[in-house]
């Protein structure tokens, strides 16, 4: 990885500068306190769901096992960005090494990919539970659930290594300043010496496949769920069926809505401020909100958390 002032002259450098959220020193300290609180609340919220599922034997079902894995994923997803962001708030140089930048790049996108796959298999689980209730115990076995979980993690971490390695081998010209709080493909490609239209197109293709394949699976699952629910004669039965899907649909809407805005259009079209806000929402905001969504709309989770807290007291 090199940086140069022109395509013919290059020299090795130690890293990039992440601008983050430029503001006076007092503002940086305030942001540090704010995001520290958000990070701790995210860890506590997702950790409490994991503890509730592990502690309560009644929650040892595929639906809650998937939810616990999803919460575990959210902890690492937010950890891939926020600790470095907090360090930058207190740093004068705001420097991140080349290896640190591309490691963050890899883990951030790999964990995001894994989240897409998890949302898809959670929708598939709801489809089986609602559309095939009598066969659900024999179809969604513990072995199948374990295989699906492992597949999500493996596929997520195998999706982006090739393009990230290609980008890491490019030469970077002129400024090494990244106007973002993380190492994102748009700002990185903007610093390369050669034209990156081919790489941007390739990135758009693999990002689109990653987003649309799980998204179509989710939409297909819920189309079948909707058709099955509408056949239920009683309004109470319909409400009960929809209530089991409401939390997941809300999470899907928040995550996919922001991610599609970010990565399904050319990277150069986004203003730096918009990039930061949208990325901040799905990388920091949704991991904070998700435990609230799942716990508020799920009586079993709330009951397990209450019992767990009572025992701890």
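Start at 1 and count along the chain as shown; that gives each residue its number.
Here the Cβ of each residue, glycine as well, is placed from N, Cα and C on the backbone.
All annotation found in TrEMBL is predicted automatically rather than curated by experts.
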Range annotated transmembrane segment in TrEMBL (choices 102-124, 171-193) is 102-124
In the same chain, residues at least 6 away from the ends of the transmembrane segment (29-55) whose Cβ sits under 8 Å of its Cβ atoms read 21, 23, 64-65, 67-68, 71-72, 74-75, 78, 82-83, 85-86, 89-90, 284, 287-288, 290-292, 294-295, 301, 304-305, 307-308
Given the transmembrane segment (246-265), its same-chain partners at Cβ distance under 8 Å and 6+ residues beyond its ends are 112, 115, 119, 122-123, 126, 204, 207-208, 211, 215, 218, 222, 275, 278-279, 281-282, 285-286, 289-290, 293-294, 297-298
When pLDDT is averaged across the domain 'G-protein coupled receptors family 1 profile' (45-294), the result is 88
Lying 6 or more residues past either end of the transmembrane segment (144-166) yet within Cβ distance under 8 Å of it, the residues of that chain are 62, 65-66, 69, 102, 105-106, 109-118, 121, 124, 199, 202-203, 206, 210
